[in-house]
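Chemist: Under the heading domain 'Peptidase M50', TrEMBL lists 108-276. The transmembrane segment annotation in TrEMBL covers 79-99, 105-126, 138-155, 175-195, 207-227, 233-252, 272-297, 317-333.
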Amino acid sequence: METTDAIENCVSNHFTVKSVYKEPKSFYFVVYDYSREKFLQLVEDLDKIGYLPFIDEYNENYKISIVNKPESAESKVHLNIFLFLVTIVTTVSAGYMLGGNIWEGITFSIALLAIIGSHETAHFFAARKHGVKATLPYFIPGIPPIGTFGAAINVKSAIPDKNALFDLGVSGPIAGFIVTIPVLVIGILLSYLAPMSSTTMQMFPSLLLYIPMTIAFPAVPNGYGVILSPVAFAAWVGTIITMLNLMPVAVLDGGHISRSMFNAKIHQYVSIAGIVVTILLGWYAMALLMAVFILFMAKTHPGALDNVSKLSRNRKIIAVLTIAIFILCLTPAPRTF
């Protein structure tokens, strides 16, 4: 009872309360007014007693839902370092198998980890900018021919508003895309033409890869193909990482961007469209993972705490640029012929 009174006092200190609803699985207020500044202050006040508020439009008023603040485990930096070192070994090994010598292995590892690392580090700094607690990147060792399953950060506190949600989503793909460009240029310069065997794994380039390949190899003789250097292969992987992360599905980066622009219901439809596009491009395993995640783990994206806030004009412009990046990175899955 004391906790309930404390919550009611916090809300009424900042908003004009119309009604209060207390149910076994929900506790929310309907309020007349909305103020971004007042809501952020409410977030701080409720955080002190172990609760979080979500605010949404509700008929002609606003609904403030109260939930328990989730507990977050303590970060273990030594685990980040260990996984990073192991991933260096696995990516160098993968690059060695691709190029046939240790130098190729090292350059492949540097190129790929620069792309992945910049992507996740950008997420980390975007989180810090908005006061969101997040871990350093956890690199995930993998098997050849790539040597890694990517990396991830763990967001350990709630995202305050739509601008913050957008920034967390868009920062990684843009940073990874920027780093991919010089890696791609260097990689294409190191690539060469060679006769194609009767059974060949055909890699379909994205526009981002196709343009410099066409410039570097304007005339490819019949029976020949472009053999990508390990560095160029790392750039190809980088474009796929950017593309898949920008799919507007669930809580992928593209899902964060989509949820910052649309309500929960529209975001669900957009997520389904993203899965369909992933299937059409031939990335069946990824599409299956997306579908499983939506069905069994997160049917809806919770959005930011403040779902009434609006995206800034500059972020809307960045959203258009992000769509262009997504189109440039669209890559069908490779096929064997």
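Placed from the backbone N, Cα and C atoms, the Cβ positions cover glycine too.
As the structure is a computational prediction, the values presented were derived from the model and not from experiment.
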Chemist: Using a Cβ cut-off of under 8 Å, list the residues of the same chain at least 6 residues beyond the transmembrane segment (79-99) that approach it.
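Modeler: Same-chain residues near the transmembrane segment (79-99) but 6 or more away: 105-109, 112-113, 135-148, 151, 229-230, 233-234.
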Chemist: Taking the transmembrane segment (317-333) as the first stretch and the transmembrane segment (138-155) as the second, find out whether 3 or more Cβ pairs fall under 8 Å, excluding pairs closer than 6 in sequence.
Modeler: no
